[in-house]
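Below: the structure, in structure tokens.
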């Protein structure tokens, strides 16, 4: 490969702490030597978010809307301690939440699999991609303690002034208890369905939606009906052309099936199920350091990719003291590769598509050849048994990836 690949417009968002350092190394060693990008950079480091009253996060989200591709470094979501540490004006909200609220869409998490990294669920040879509907249900519910005997009712008051409808939830006869009212909106469920179908088409894998519609006949039944209607009208022929399928499953059946499967499917989960299952699936694959997170918008055009982990504060503290660190950059690299792969799809850019695939292959091949960071060595040998010779430090590993990428691209006839 003699000339740089023209890559088009990408919005990149810098982050915090150890991941911020790794982010710059990724650009310097793995991306910019080979790809000429129209980079639109936004500094989402905590100090800059504070200085701009978090306007920079909103600006970044609007830029992603405009250019359709965003890649994001991990960022600090401040708690009381962080407010004190950085002398912040206020406890700013999660940038991921802010971006998601502006763009809409669904977050899909996917494990990066290497043959030599052991998995807790040994049968999972392909990723299981979990899409969580991050709106409504328990997370926007009104719950309360019922202090004593009495009735709990739910009332719907139509906006047009027509007759109210009241439903009895429960008559408390002997003492009190607890009660809850929760909701979701058709528009949000429709967007969730479109994002899920788009993800399945882009991966070429089947899609399953899990609910408990046998118990929540109206509530979960609505999810089931909306997905089915959209699938039949807009996606069925595309799925059949790719020889993939969509099915609804009961959540308990789905959990059991997932455990027995080899992976290789998209799993659309309601909010609470997605919260729980995404963590259990991540652990089943062995490491959060090997987990990508992609936000897919319902338009199928707009995508934002990032690592599914945090800013690796502990390593950053060591780095600040001049101590050696061995921080895993793989999920952050895959944020770039997934973003660039999407840019390539939008622009029909075969060279960029080849580069994104080569970058991911180099990461996996390097680890499978025995060159890795300490966390992965610990997955293989167990942390107490890891010796210094078993792993590379942060910078050595990045250099190794750079060297292997250079060699791989040198062989390519682009």
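Including glycine, each Cβ sits where the backbone N, Cα and C put it.
So that you can see what the record holds, here are the features copied from Swiss-Prot:
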BINDING   75, 76, 77, 82, 260, 310, 311, 312, 313, 314, 315, 328  NADP(+) binding site
BINDING   77, 94, 95, 96, 97, 98, 99, 100, 109, 132, 212  substrate binding site
BINDING   252, 275, 279  Mn(2+) binding site
MOD_RES   2  N-acetylserine
MOD_RES   42  phosphotyrosine
MOD_RES   81  N6-acetyllysine
MOD_RES   126  N6-succinyllysine
MOD_RES   224  N6-acetyllysine
MOD_RES   233  N6-acetyllysine
MOD_RES   243  N6-acetyllysine
MOD_RES   321  N6-acetyllysine
MOD_RES   389  phosphoserine
MOD_RES   400  N6-succinyllysine
SITE      139  site 'Critical for catalysis'
SITE      212  site 'Critical for catalysis'
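Taking every protein chain shown into account, 95, 97 are the binding-site residues, and of these the Cβ with the most other Cβ atoms within 10 Å belongs to 95. The two recorded residues, residue 99 (substrate binding site) and residue 275 (Mn(2+) binding site), show a Cα separation of 19 Å. Every protein chain shown contributes to the tally, and the Cβ of residue 99 (substrate binding site) ends up with 23 other Cβ atoms within 10 Å.
Taking every protein chain shown into account, 233, 315 are the recorded positions, and of these the Cβ with the most other Cβ atoms within 10 Å belongs to 315.
With respect to their backbone Cα atoms, the residue listed as 'phosphotyrosine' and residue 279 (Mn(2+) binding site) stand 29 Å from each other.
Comparing CA positions across the recorded positions 81, 97, 212, 252, 389, the one lying closest to residue 75 (NADP(+) binding site) turns out to be 97.
Neighbour density for residue 243 (N6-acetyllysine): within 10 A of its CB lie 8 other CB atoms from the protein chains shown. Ranked by Cα separation from residue 81 (N6-acetyllysine), the binding-site residues 97, 212, 252, 260, 315 are led by 315.
Look at residue 77 (NADP(+) binding site): DSSP puts it in coil.
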